[in-house]
Amino acid sequence: MTVLRTRSAVQHARELNNFLSCAAPLSLRSHSRPISGFNRPPPNYPGHVPLNFVERGALAVGSAVGALLNPRRADLIAACGEATATPYFIYRLRDAMLSDPTGRQILRDRPRITSETLKLPYLRSLPENTVGRTYATWLDREGVSPDTRDNVQYIDDEECAYVMQRYRECHDFYHAVTGLPIFVEGELALKAFEFLNTLIPMTGLSLFASVRLKPAERERLFSIYLPWALRSGLRSKELINVYWEKVLEKDVGELREELGIERPPDMREIRRMIRMQKKREKELMEQRGQ
């Protein structure tokens with residue numbers, strides 16, 4: 001989905017914590033010692049917000065509905081991703097990293113993707129066909145930054161929390177190598193691909209937002225981009241195991257081939273051509289009416 005990248009993390013945490021504090025029934029909140037099944041466990045790492053069963057369920061449902069109503073709410077999308085990734089899916093992704101040499105190295109090194117760690121001015125100076133230049137060009141074209149990803153809060157296992165953080169910070173690389181833009185139609189196409197590659201539930205649930213697309217956009221999504229996502233998502237390697245920081249100088253076409261990713265049709269170009277066609281048709285209609 002298209003993300004609104006300017007929401008502060010502090011505001012995000014405050015809103016979600018207020019929501020969770022209201023989610024539990026009053027009868028449970030009024031007891032000084034609630035029954036153990038509803039106790040909130042202690043945090044496992046800095047910034048961790050442990051949730052009990054009721055809170056996790058409320059967060060999953062509330063954030064999913066809120067994100068569907070407003071696909072630009074990046075904070076709700078992130079919360080939904082964390083709340084629905086456990087108990088199975090994030091562990092499966094972690095195990096995929098543990099079973100791969102590069103994945104294990106990433107888990108040992110725990111790199112973070114920011115404009116400082118990637119040195120964006122350097123990436124802009126790389127040859128045009130490199131992964132790093134493609135990534136920097138995509139960031140500049142879409143007007144986004146790698147510095148605005150929320151930190152993971154609601155995943156209990158500390159190692160799995162890093163896996164989710166890594167997925168979140170690598171998301172823009174997936175955009176860059178596929179060329180998909182950040183408006184809703186492009187995000188949904190990428191989320192479909194990500195679901196088949198990662199099995200993270202939030203990525204699949206995102207497709208419900210297709211009901212908010214215009215008819216032409218929805219038809220294009222289902223006829224062009226979902227078939228592409230199916231082909232590429234099922235045959236591509238686990239993208240979580242790509243050490244992006246080490247392939248920045250690699251040819252992007254060569255990397256796509258190695259990963260098994262087919263580049264989809266240029267969505268921006270398709271939309272531009274449709275606009276031009278409609279403009280010409282309108283001009284012809286006006287000329288005939290004179």
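Heads up, the Cβ atoms here are built off N, Cα and C, so glycines get one too.
In Swiss-Prot this protein carries:
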TRANSIT   1-7  transit peptide
BINDING   His171, Asp172, His175, Glu187  Zn(2+) binding site
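Overlay of Swiss-Prot feature records on the structure.
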{"residue": "His171", "record": "Zn(2+) binding site", "Cβ contacts under 8 Å, 6 or more apart": "Arg149, Leu190, Glu194"}
{"residue": "Asp172", "record": "Zn(2+) binding site", "Cβ contacts under 8 Å, 6 or more apart": "Ile113, Tyr135, Trp138, Leu139, Val144, Pro146"}
{"residue": "His175", "record": "Zn(2+) binding site", "Cβ contacts under 8 Å, 6 or more apart": "Trp138, Glu142, Pro181, Ile182, Gly186, Leu190"}
So how many other Cβ atoms are close to Glu187 (Zn(2+) binding site), meaning within 10 Å of its Cβ?
23
